[in-house]
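A short worksheet on the structure shown next.
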């Protein structure tokens, strides 16, 4: 602990402004993600009870393609605006109008292509669904620059207000529609209303306004970064969504609906951990990109902070997946249990592995990221093909195996070369957190043996708080480094805000 006090704060002293801005950004980003997650969870539970797995599967079939178009429409220029240090008005205006034009073009394109998508899945209902969802391209194109500027300035307080409000209001309307019998259209409305609210609030809370200006040179200056980035994102998107496409095509809409709900639990640690810091670490690491030693220290600290939250969450859910799923979502989602458990194993590694993007982006090496994603895409596609033989659960299991035994080590070796970091440092960085999480999971499992099998709510009500209590005790008594760092950070922020000495100081 003494080393932490002398090393990290001392090395960051010359950039206190950046450090404080980063810490504030983390706090607001965490509040934003927690608020979004709370609203999302409540809405998802209600919709899952009101709708069928097939309803979710149908919308999943559509969003496989529309999600890709959203990615192409933005073309990485939003991230390029964040990464580039000398942004001028001509860059902002040119990116805005380019996105507006392509957004409306994609809307028209997908309305025209809706019969082809319906024919691919042999689902005629996808024609009107795709046509209406396509409106989201035109809507979302209006917020790319405002969103980038809020991220670049680390104004996560405003982003928190925007995103939480959008999720909450859109979710309430969707639930109301589901209650009145709109079925799958309630899910479509949720997407469009959320996008519309985000646009309205970003224009309300952002001071920037576009001017009628176009500068081809400005686009070219951003294109080098954005072209490699969008290439990576295209590959990443299809490698991440090939499972949805193939399950929907070769199994059924209901199977895709079940798989999609299980997949969302895999997203939980990314939302609460990786994505909270994602919004902060990219601009923060970009600001110190030439100081490799500080980048490495900052990166490893962020990594173990993520693991501190995501590892116990996923190990706990792995143990209580059955009572949790049946209590919260109901019997019609029972087939999702085994897939949720597989994704819990995958998500622990994924929550750490996804942070490699911080290094590629902040170092401006999206070219390496693109080449690596080509290999990841090949491995993922082959694992999905192999797993399809055993259904949706087989797909999840095959990918999880590939992630740990084929991709993990070479991924960290490549990233490590950019900042002077060994792959083994990543493992040792989170080893103590993994151990504490395993101890917690063991305690939760043993407690479950003493509880009635069929009383799902009782099991959840007992095992969840028990797991949280055991985990907190273990990380406290073992003095896990990430836990001590978070405590010290909380104490520091308390002193800065209230001028009092918090009784949270860490003693070595």
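Cβ coordinates are placed from backbone N, Cα and C, and glycine is handled just like the others.
If you look up TrEMBL, you'll see 21-50 (among others) marked as transmembrane segment.
Residues or ranges marked as transmembrane segment in TrEMBL: 56-82 (among others).
Sequence annotations record features per position, and here TrEMBL assigns transmembrane segment to 94-113 (among others).
Under the heading transmembrane segment, TrEMBL lists 125-145 (among others).
The transmembrane segment annotation in TrEMBL covers 157-178 (among others).
Below 8 angstroms of C-beta separation, residues 43, 47, 50-51, 55-56, 58-59, 63, 125, 129, 132-133, 135-136, 139-140, 142-143, 146-147, 150, 161-163, 165-167, 169-171, 173-175, 177-178 of the same chain, each at least six residues beyond the ends of the transmembrane segment (184-203), sit close to that stretch. Look at TrEMBL and you will find 184-203 (among others) tagged as transmembrane segment.
The transmembrane segment annotation in TrEMBL covers 306-329 (among others).
Sequence-distant contacts of the transmembrane segment (335-360) (same chain, six or more residues past either end, CB-CB distance under 8 Å): 232, 258-259, 261-263, 265-270, 273-274, 277-278, 281-282, 285, 295, 299, 302-303, 306-307, 310-311, 314-315, 317-318, 321-322, 325-326, 329, 366, 368-369, 392-393, 396-397, 399-400, 403-404, 407-408, 411-412, 415, 418-419, 426, 430, 434. For 335-360 (among others), the entry in TrEMBL reads transmembrane segment.
What TrEMBL lists as transmembrane segment is 372-390 (among others).
Annotation comment: TrEMBL describes 396-415 (among others) as transmembrane segment.
The transmembrane segment annotation in TrEMBL covers 427-450 (among others).
Residues annotated as transmembrane segment in TrEMBL: 456-478 (among others). If you look at the transmembrane segment (456-478), the same-chain residues 6 or more away from its ends with a CB under 8 A from one of its CBs are 308, 312, 316, 319-320, 322-324, 326-328, 432-433, 435-437, 439-441, 443-444, 447-448.
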Six or more residues beyond either end and a Cβ under 8 Å away: which residues meet both conditions relative to the transmembrane segment (94-113)? 65-66, 69, 72-75, 77-78, 81, 130-131, 133-135, 137-142, 144-145, 148, 210, 212-216, 218-219, 222
Between the transmembrane segment (125-145) and the transmembrane segment (306-329), do 3 or more CB pairs sit under 8 angstroms, pairs being 6 or more residues apart? no
For the transmembrane segment (427-450), the distant same-chain contacts (Cβ-Cβ under 8 Å, at least six residues beyond its ends) come to 300, 303-304, 307-308, 311-312, 315-316, 318-320, 323, 348, 352, 459, 462-463, 466-467, 470-471, 474-475, 478, 480-482
